[in-house]
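Database features, via TrEMBL:
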type	residues	note
DOMAIN	2-375	domain 'Amino acid transporter transmembrane'
TRANSMEM	20-43	transmembrane segment
TRANSMEM	76-95	transmembrane segment
TRANSMEM	115-132	transmembrane segment
TRANSMEM	144-166	transmembrane segment
TRANSMEM	178-198	transmembrane segment
TRANSMEM	210-233	transmembrane segment
TRANSMEM	253-281	transmembrane segment
TRANSMEM	293-313	transmembrane segment
TRANSMEM	319-339	transmembrane segment
TRANSMEM	359-379	transmembrane segment
Amino acid sequence: LQGIFVLGLPYALLHSGYSGLFLIILAAALCCYTGKILIACLYEENEDGQLIRVRDTYEDIANACCKRLSPKLGGIVVNVTQVMELIMTCILYLVVSGNLLSHSFPHVPVTEKTWSVIAFVTLLPCVFIKTLKTVSKLSQLCSLVHFIIILVVMTYCLTQIHQWSLAKFRLSIEFEDFLVSVGVIIFSYTSQIFLPTLEGNMKSPGEFSCMLNWTHFFACVLKTAFALTAFLTWGKETKEVITDNLPSFLETLVNLCLLAKALLSYPLPFFAATEIVYACISRENQSKYRSPLFSLGVRGSFLLLTLLMAMFIPHFAMLMGLTGSVTGAAMTFLLPSLFHLKLKLKKLSFLEKCADISVFTLGFLCSLAGIVCSIKGLLEVFG
């Protein structure tokens, strides 16, 4: 919930003004809600009225919804969408790592792509990750590095409190700039892809809803405080990545912390993507596809694929925006609300039905607007 997107929140406030603060709170509430209804789709009541977990993955939920149309269609769509988003996320971490290294060591005669290859070498041990427990330990380190970054930026901002002014907020906003802000804010909260696996691995799954409430609450408070202090410090000078606003002696330190964060963030989407693909390939009980060597080959192939795409796809950032507008909105808003309506329609109250329909509509509009803006940007770049 505290990814690299957080560093773009002050820039989002620059383009959205006071409405941006409201969006940070609204996005937290909506993403928390869709996380809960997604997990609710994993359960069904038995004859005694007790909730039993009858599904394990996002794919199982999709297949249950589309079984009349085609037994496996829903699962295929969800898996392809998940893998696309996860691979794009992995590639983004490699691109970001190369960019951070080139900015941290500007006097070293090495290109950004070469720095990306160097970062890739440090990620090779990812092919040996077999359990979520290992990933969780790396994610803990990632969270620690993230809080160090936030602490450094906010501490510097607080030393500049004498120049803060609410007059820096914009009252009028441009529609396209506002859409960019909406995308940054919403996608800084997305975690739905990981939730079924996370809930299934909890020692006390009954505490999942409480956990989701508190994590989204604290994420919202931290994002709001961070975005507000940074924007009030730099105002119209706020850059897309807020660390670029820092003085040089702090920028290098924070860039190296960001590099560590990007590399420590990589294993989670990588592990999730490879597990999905490996499960799909080995589902038919074919022993040759269940060997440790084959599993190692799948992970190794994925690792190499992310490097090749990071090296050779031009204008990757814009393609990432286009993909994110489709997959991110679909996995976060469209599919959870649609699946919840499909599987639980008879048991939902009128207000719950209205909530699901509203979330679906909002997700569709966000996705459509993001696609239009991304395609427009790509057309401008390609002339």
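Even glycines carry a Cβ here, placed using N, Cα and C.
Heads up, TrEMBL stuff is auto-annotated, nobody curated it.
Here the transmembrane segment (178-198) lies next to the transmembrane segment (359-379) in space: the count of CB pairs under 8 Å, restricted to residues six or more apart, reaches at least 3. The largest share of C-beta pairs under 8 angstroms with the transmembrane segment (253-281) comes from 76-95, of the ranges 20-43, 76-95, 115-132, 359-379. The transmembrane segment (210-233) makes contact with the transmembrane segment (20-43): 3 or more of their CB pairs lie within 8 A, with pairs spaced 6 or more apart in sequence. Contact counts against the transmembrane segment (115-132), taken as Cβ pairs under 8 Å, peak for 76-95 among the stretches 20-43, 76-95, 144-166. If you look at the transmembrane segment (20-43), the same-chain residues 6 or more away from its ends with a CB under 8 A from one of its CBs are 9, 12-13, 51-56, 58, 60-61, 64, 181-182, 185-186, 188-192, 195-196, 199, 208-209, 212-213, 216-217, 219-220, 223-224, 227-228, 332-333, 336-337, 339-340, 343-344, 355-356, 359, 362.
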